[in-house]
């Protein structure tokens, strides 16, 4: 049996090919997460209230489409290309077109809000049609937990590289664009200088099950205790990290005053995260996934505090950003590494209920995107209430305080809530290894049964 397991192991080439598929999702997602807010405010020059509506409704719509697409994928017929690949291939070219239209400023004023809202929602829908079946492939590429964990690490490495590209390309465009800031009353009294640069900007598992209704699917996946707890853990931690991500560019440029360097600071974070992925893969293998989540999430907290307490100093900010990137890497890798364990646990407890992988992955993505929508909507509305001035050379003190809360106090509180829930997460390393053995025994029994059936048919 050990020989057969060795022969069925995934090759490095297969892992790399699988991982490359995650890059476009992260490149576009990173660019939207870091720069869409500042683009709508300072390039499209929308009112912060309307910008918050676009960001919240777009992300909320995106969250709704995840379980819907997951349900439709699970009901899709198998083709000679599999169940997932047609969704991936057909959605990609349309997603590319809609993505470029998001970053286009239309030559009219009255319909700008509708323009951005429509194309943002269209892109999010098409992106979901790509990402849900792609992420669900994790459960099909191998039956071995080690292979799936390794493939996930490859995928996270490529996806973090994608965020580096997204941050580098889009960030440099935003940073180099020439749009002067507009002095306000405070600037006229204290400093009449206008800033020179502003913030513009395989193998498939063919297990089949009886079709089920949409709400029956919701009840199925959310009724599994470990899955519900894992989703809640990463709902809160994702909300914390997304608050940091969505507001860090504005914080660097407005509060710290690094108008010409904020895109490079973001790039340092992503480069650091890329370098840290192999470390976290080793750490979770050595100490367990639950311990890795605690360590990785808590490692970011001191730097969230430090960045708002230290006076504006570019060198210190670069050092803090590099250190924070190590924790960001854990946020990228660990959720997707733990999700297959929950699906395995469900299969052990429900051996006769198969083919629901897309549902598990789609609802998980639903909750993380819901967190993203809430974070962007709340943060942009908060800036509106604080009196944010579009393209202002300086901001009111209330805006600086709001940004400090959004990149430090609020994310820390949300991360702590997530870790408290994680304490009761029941899948330990012992249970995970036990599930692995039980699933292997089930596969061996199925293989023996198929062999006996074939021999009986030959005799007859």
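From the backbone N, Cα and C atoms, a Cβ is placed for every residue, glycine too.
Now, the feature entries from TrEMBL:
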REGION    440-460  region 'Disordered'
TRANSMEM  84-105  transmembrane segment
TRANSMEM  117-141  transmembrane segment
TRANSMEM  227-244  transmembrane segment
TRANSMEM  264-284  transmembrane segment
TRANSMEM  291-308  transmembrane segment
TRANSMEM  314-337  transmembrane segment
TRANSMEM  401-423  transmembrane segment
Task: Among the ranges 84-105, 117-141, 314-337, 401-423, the one whose Cβ pairs under 8 Å to the transmembrane segment (227-244) are most numerous - done: 401-423
Task: Segment proximity, the transmembrane segment (117-141) to the transmembrane segment (401-423), 3 or more C-beta pairs under 8 Å - done: no
Task: Cβ-based contact of the transmembrane segment (264-284) with the transmembrane segment (314-337), 3 or more pairs under 8 Å - done: yes
- [ ] May I ask which of the stretches 84-105, 117-141, 291-308 has the most CB pairs under 8 A with the transmembrane segment (314-337)?
- [x] 291-308
Task: Beyond the flanks of the transmembrane segment (117-141) by at least 6 residues, Cβ under 8 Å - done: 10, 14, 18, 21-22, 24-25, 28-29, 53-54, 57-59, 61-62, 65-66, 69-70, 73, 83-85, 87-88, 90-92, 94-95, 98-99, 101-102, 147-148, 151-152, 155, 202-205, 336, 339-340, 343, 357-358, 360-362, 365
TODO: Mind checking which residues of the chain, 6+ beyond the ends of the transmembrane segment (84-105), have their Cβ under 8 Å from one of its Cβ atoms?
DONE: 21, 24, 28, 32, 36, 39, 43-44, 69, 73, 76, 112, 116, 119-120, 122-123, 126-127, 129-130, 132-134, 136-137, 140, 204, 358
Task: Long-range environment of the transmembrane segment (291-308) - Cβ separation under 8 angstroms, sequence gap at least 6 - done: 233, 237, 241, 244, 280, 283-284, 317, 320-321, 323-324, 326-331, 334, 338, 404, 407-408, 411-412, 415, 418-419, 422
